[in-house]
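Pulled from TrEMBL:
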- GLY30, ASP31, ASN32, GLY33, SER34, GLY35, LYS36, SER37: ATP binding site (BINDING)
- 3-356: domain 'RecF/RecN/SMC N-terminal' (DOMAIN)
Amino acid sequence: MRLDDVQISQFRNLSDVRIHPATDLNLIIGDNGSGKSSVLEAIHYLGFGRSFRTLKHTHVINKESQHFTLFCRATDESGTTVKLGYQRNRIGEPVIKANGEVLNRVSELARLFPVQLFMPNSSDVITGAPRMRRRFLDWGVFHVEHGFLRASVTYQNLLRQSNALLRKKSLSKDDMLDYWLCKLGDAGEVLDRYRKAFFLSLKPYLIANLGEFLPEFCFEISYHSGWDSDNKLSDVLHLQQEKDRRFGHVSSGPHKADLRLKADGVSAHEVLSRGQLRMLMAALLLAQSQLLHRLKSRSCVFLLDDIGAELDEEKRKVFVDALLKTSAQVFITAIDKQQVSFVENYKDIKVFHVEHGQVREE
Ligand SMILES: Nc1ncnc2c1ncn2[C@@H]1O[C@H](COP(=O)(O)OP(=O)(O)OP(=O)(O)O)[C@@H](O)[C@H]1O
């Protein structure tokens with residue numbers, strides 16, 4: 001997907017902005033607080049239906065306004081024009097439209113428009129809780145495996161149902177806990193198969209990227225299902241039933257899955273510097289973009305917020321070069337052009353200057 005026209009209205013300090021981005025590379029330059037990240041945040045909304053800075057939609061609506069509106073005209077990989085719109089009021093649900101038709105779910109928007117984000121705290125995925133690595137992995141599985149979303153929703157519903165039963169003080173036969181744990185086990189196996197297959201496809205790209213980005217380390221990357229997957233999940237769930245009743249929740253399954261990353265035999269977050277962690281994260285995100293391009297002939301819109309932070313010039317260039325090879329459309333924010341001087345060699349590039357919420361193309 002490639003954005004041709006982006007219109008942003010009443011979003012943070014951007015009251016009325018319209019840009020026509022370049023196909024390859026877009027630089028968004030401005031002082032602190034000028035509104036650069038808000039431009040990326042608005043594009044992120046069009047791909048994820050949410051911000052990357054707050055969970056509260058009301059915070060992104062311009063203080064003087066009752067709603068914000070985003071619109072983009074894009075071209076997909078087959079050359080078809082796609083029009084997406086997103087509007088949100090201070091109360092109520094958003095109105096999401098694709099080519100004039102109302103979409104009922106954010107996932108439908110996400111399916112149409114793959115967006116990736118790289119920002120200074122992206123490496124929290126590596127250092128943070130397993131939930132963050134699952135979210136990272138699932139973004140890719142969602143875009144590559146169309147059955148994954150349904151499998152994931154089914155599993156989450158069954159998990160809720162099973163947890164509610166496990167928390168009940170006394171269970172009767174009518175509660176059919178065994179039945180629900182069997183169903184949960186089967187649904188979990190389906191989800192796990194999707195993730196495993198995706199991870200196996202992703203791994204070679206990741207290893208190749210790391211060989212280029214961080215050649216000084218030897219990496220081991222593994223996927224863990226969330227239970228000892230040599231055994232059937234439903235058998236495990238039945239065996240641990242008593243323990244899970246004491247805890248009040250199901251303690252094993254795909255909701256406990258994780259990606260483990262080791263550098264020279266030690267957990268990556270214990271040995272890598274902040275800059276190296278960021279490069280590891282760049283390698284992970286790039287691998288997803290490469291795989292999506294390879295398997296589905298799809299390209300991402302890639303948002304790089306404050307790329308200057310902790311990545312030296314050589315690493316920034318290697319990363320952006322590699323992204324453009326996946327036909328990604330890249331948006332980079334920086335305080336001044338010096339931070340992104342490495343882009344001078346690129347041909348298809350546009351520079352946008354942001355000042356007090358106004359955007360001007362150079
Ligand atoms: N709801 C809102 N309404 C109006 N203005 C807002 C709102 N939320 C944030 N702002 C302001 O919008 C501006 C945009 O901030 P943004 O984070 O996009 O700036 P930036 O150019 O990326 O800055 P930095 O380089 O410091 O990250 C800030 O001045 C912020 O105070």
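Placed from the backbone N, Cα and C atoms, the Cβ positions cover glycine too.
All TrEMBL annotations are machine predictions without curation.
Shown on the structure are the features that TrEMBL records.
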residue: GLY30; record: ATP binding site; Cβ within 10 Å: 24
residue: ASP31; record: ATP binding site; Cβ within 10 Å: 13
residue: ASN32; record: ATP binding site; Cβ within 10 Å: 7
residue: GLY33; record: ATP binding site; Cβ within 10 Å: 12
residue: SER34; record: ATP binding site; Cβ within 10 Å: 21
residue: GLY35; record: ATP binding site; Cβ within 10 Å: 25
residue: LYS36; record: ATP binding site; Cβ within 10 Å: 25
residue: SER37; record: ATP binding site; Cβ within 10 Å: 22
ATP site shell beyond GLY30, ASP31, ASN32, GLY33, SER34, GLY35, LYS36, SER37, criterion: Cβ within 8 Å of Cβ centroid: SER38, THR333, ILE335, VAL354
Reported mean pLDDT - the domain 'RecF/RecN/SMC N-terminal' (3-356): 94
